[in-house]
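Listed in Swiss-Prot:
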- D232, H234, H266: divalent metal cation binding site (BINDING)
- D232, V233, H234, H258, S259, D280, I281, G282, T356, T357, T358, E359, F363, R366: 4-CDP-2-C-methyl-D-erythritol 2-phosphate binding site (BINDING)
- 1-226: region '2-C-methyl-D-erythritol 4-phosphate cytidylyltransferase' (REGION)
- 226-385: region '2-C-methyl-D-erythritol 2,4-cyclodiphosphate synthase' (REGION)
- R18: site 'Transition state stabilizer' (SITE)
- K25: site 'Transition state stabilizer' (SITE)
- R150: site 'Positions MEP for the nucleophilic attack' (SITE)
- K205: site 'Positions MEP for the nucleophilic attack' (SITE)
- H258: site 'Transition state stabilizer' (SITE)
- T357: site 'Transition state stabilizer' (SITE)
Amino acid sequence: MKRTDNIALIVAAGQGKRAGEGLPKQYRQIAGKAILAHAIDNLLAHPEIDTVQVVIADGHQTLYQEAVGDRDLPQPVIGGVFRRDSVINGLKAAHDRGYKRVLIHDAARPFLPKTVIDRLLDALKSSKAAIPVLPVVDTLVNQEVEAVDRNLFHRVQTPQAFDLETVIAAHQAWTGSDEPTDDAQVVRAFGKKIALVTGDRLLEKLTYPADFSVAEAQMTEKMISVCGSGFDVHCFEAGDHIMLGGIKIPHDHGLAGHSDADVALHALTDALLGAIADGDIGTHFPPSDPQWKGANSTQFLEYAVALAKKAGAIIDHADVTVICEAPKVGPYRPAMRKHIAQILGLPEQRVSIKATTTEKLGFTGRKEGIAAQAVTSIRLPDILC
């Protein structure tokens, strides 16, 4: 892909204490994904944005990595004491990478329509700076409760777009005694005119606890519910235990397989892969590959969960049925349920582990092996919306 010389900078070094729940708001999840990840993905999806540079607080490295997963991004930059310090650090990183234009965005704005980015980049063709704004619709009064003409004011949003050299020079020249509320204020003080483009109501900043409930509802209303099913079989062989649902169960036989032959986790992995329509366990972990010889099947399910989350999925429920005459599954059901719930990120109440027999019919009835079937329920973004 041809480089456009446009980079996005997300300032995510704040603590966000007004949002509640202790976790910095940029790392809280809506619709199964960190707010920061939503902001990153919206920017990366635009064909005129080359990459996204994120600025984080020192000590947030683990939170950041959990939020972004395996997205192909530059290493995060550590922020400073104040927002402007963080912006400067991010701008330096963008400059070092040779970019010419930058879009500076708040991490706490998970909704970003492509049309807003289009308008900002178009404005930069004839201006050194551009910001998205909306009209003020509420009545405004001063502290003496005197009406103020709202037509003289705009609500300013992000991302704010700048010629990179200009915004760096503006920050270097800033002499204000107070911290600026945004970067447009810094550039305006530097004597540059700011172009105004139409923003979007979706670009609301998440600040207070109630904002997150609204954002969750907005995000999930554009999702569809889908199911996936999986089935697996392994025959018995010599051994003294089997792996089932990630739990070691003593038995007078083992299960034959290239990996640890955990039929429950294999069926569940296939169910999750089926829900996101991404092949099957054999596609991702072929038995012909020696690296999976004797592998713990927990990693297969963890991999499927990561793929599902990358696809924007919310996992809602899992149901596993083990089919065998022996061993007895009941005593190990709570441990299996707990193990699977932890991998899926679900409460145990949303994981069902059942066991049945075939009334001595077929290969399972003859105690020749074990079968398992699984169903998962998830929600995915509706690509047609």
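Glycine is treated like the rest: Cβ placed from N, Cα and C.
Fair warning: this is a prediction, and the values are worked out from it, not measured in the lab.
Positions of the features from Swiss-Prot, shown on the structure.
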{"residue": "K25", "record": "site 'Transition state stabilizer'", "DSSP (3 states)": "helix"}
{"residue": "K205", "record": "site 'Positions MEP for the nucleophilic attack'", "DSSP (3 states)": "coil"}
{"residue": "D232", "record": "divalent metal cation binding site", "DSSP (3 states)": "strand"}
{"residue": "H258", "record": "site 'Transition state stabilizer'", "DSSP (3 states)": "coil"}
{"residue": "H266", "record": "divalent metal cation binding site", "DSSP (3 states)": "helix"}
{"residue": "I281", "record": "4-CDP-2-C-methyl-D-erythritol 2-phosphate binding site", "DSSP (3 states)": "helix"}
{"residue": "T357", "record": "site 'Transition state stabilizer'", "DSSP (3 states)": "coil"}
{"residue": "F363", "record": "4-CDP-2-C-methyl-D-erythritol 2-phosphate binding site", "DSSP (3 states)": "helix"}
Distance in Å spanning the most remote Cα pair of D232, V233, H234, H258, S259, D280, I281, G282, T356, T357, T358, E359, F363, R366, given for 4-CDP-2-C-methyl-D-erythritol 2-phosphate: 30
For R150 (site 'Positions MEP for the nucleophilic attack'): DSSP state (helix, strand, coil): helix
CB within-chain contacts under 8 A for H234 (divalent metal cation binding site), separation at least 6: L255, A256, G257, A261, V263, G369, I370
Cα proximity to H258 (site 'Transition state stabilizer'), best match among binding-site residues D232, T356, F363: D232
Close in space, distant in sequence - D232 (divalent metal cation binding site), Cβ under 8 Å, 6 or more apart: V263, H266, A267, D270, I281, A371, A372, Q373
Rounded Cα separation (Å) that holds between S259 (4-CDP-2-C-methyl-D-erythritol 2-phosphate binding site) and T357 (site 'Transition state stabilizer'): 24
K205 (site 'Positions MEP for the nucleophilic attack') versus binding-site residues T356, T358, F363 - nearest by Cα: T356
T356 (4-CDP-2-C-methyl-D-erythritol 2-phosphate binding site) versus R150 (site 'Positions MEP for the nucleophilic attack') - Cα distance in angstrom: 69
All-chain count of other Cβ atoms within 10 Å of T357 (site 'Transition state stabilizer'): 14
Rounded mean pLDDT for the residues that make up the region '2-C-methyl-D-erythritol 4-phosphate cytidylyltransferase' (1-226): 92
Those binding-site residues listed as S259, T356, T358, and which of them has the most Cβ atoms within 10 Å of its own Cβ: S259
Recorded positions (H258, I281, F363), the one with most neighbouring Cβ atoms at 10 Å: I281
K25 (site 'Transition state stabilizer') to T358 (4-CDP-2-C-methyl-D-erythritol 2-phosphate binding site) - Cα separation in whole Å: 51
Neighbour count (Cβ, 10 Å) for K25 (site 'Transition state stabilizer'): 26
